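K.L.:
Sharing a structure with you now.
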Amino acid sequence: MVKSHIGSWILVLFVAMWSDVGLCKKRPKPGGGWNTGGSRYPGQGSPGGNRYPSQGGGGWGQPHGGGWGQPHGGGWGQPHGGGWGQPHGGGWGQPHGGGGWGQGGTHGQWNKPSKPKTNMKHVAGAAAAGAVVGGLGGYMLGSAMSRPLIHFGNDYEDRYYRENMYRYPNQVYYRPVDQYSNQNNFVHDCVNITVKQHTVTTTTKGENFTETDIKMMERVVEQMCITQYQRESEAYYQRGASVILFSSPPVILLISFLIFLIVG
């Protein structure tokens, strides 16, 4: 008799879960598609100029007026004003100042830094959405993409792009889509950080970009950022649908009752 009841409840649970899945799939996805109403990004019509001006009072990517990537006015990649890669003002590779390289401020421990604790939640989030980039304020690096084939309206620029496209990035930097109100804001920020990071990194290697390069790079990165937004929106929607499914009161009630029957 108990087995008959268990079989009936399993059937009811199966039907309820599939009903909720169907409802979840009908929910609208966040964000719009490419070119769905509204103006495009500010300054796009000016040839040769930067179509993605920085926002706010500081320089590019400066929330509080520091240099590039400086949340509080330190050097590049310095959260609190230390040297490059120095979170708290110590020497390179010194988390809290003092000591020689790799000592972390303690004498007699040459080249034996303490092992950082691993936060499993951060690891899971990075695996789901991309690797978090250190020193870039929570930005993640997307997976490599094929550079899009773009026509710029004249033979010279089309030929120039085909000959130099390998110099432009094939990955973009971005933040989670739930931090933006729409696709335009996501793409604008994605283009700014990606072009700036690629330009700085390449310039340090002795290679410079012309205005034509910057113009083409922005177009290429824009298309890749749109693709990245669509991927992240789909993944965000699927994660939300799963949470809604298993947090539905009827499903919770049925699962609880089924467990009660099995245990009892």
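Along the chain as shown, the residues are counted starting at 1.
For all residues, glycine too, the Cβ spot is worked out from N, Cα and C.
Just lifted these from Swiss-Prot, have a look:
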SIGNAL    1-24  signal peptide
REPEAT    71-78  repeat '3'
REPEAT    79-86  repeat '4'
BINDING   HIS80, GLY81, GLY82  Cu(2+) 2 binding site
REPEAT    87-94  repeat '5'
BINDING   HIS96, GLY98, GLY99  Cu(2+) 4 binding site
CARBOHYD  ASN192  N-linked glycosylation site
CARBOHYD  ASN208  N-linked glycosylation site
K.L.:
In terms of DSSP three-state secondary structure, what is the assignment for ASN208 (N-linked glycosylation site)?
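P.N.:
DSSP assigns ASN208 (N-linked glycosylation site) to coil.
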K.L.:
Hey, how far is ASN192 (N-linked glycosylation site) from ASN208 (N-linked glycosylation site), Cα to Cα, in Å?
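P.N.:
Counting only the Cα atoms, the answer is 18 Å.
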K.L.:
Mind checking which of ASN192, ASN208 has the fewest other CB atoms within 10 A of its CB? They're the glycosylation sites.
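P.N.:
Minimum Cβ neighbour count within 10 Å, taken over the glycosylation sites ASN192, ASN208, occurs at ASN208.
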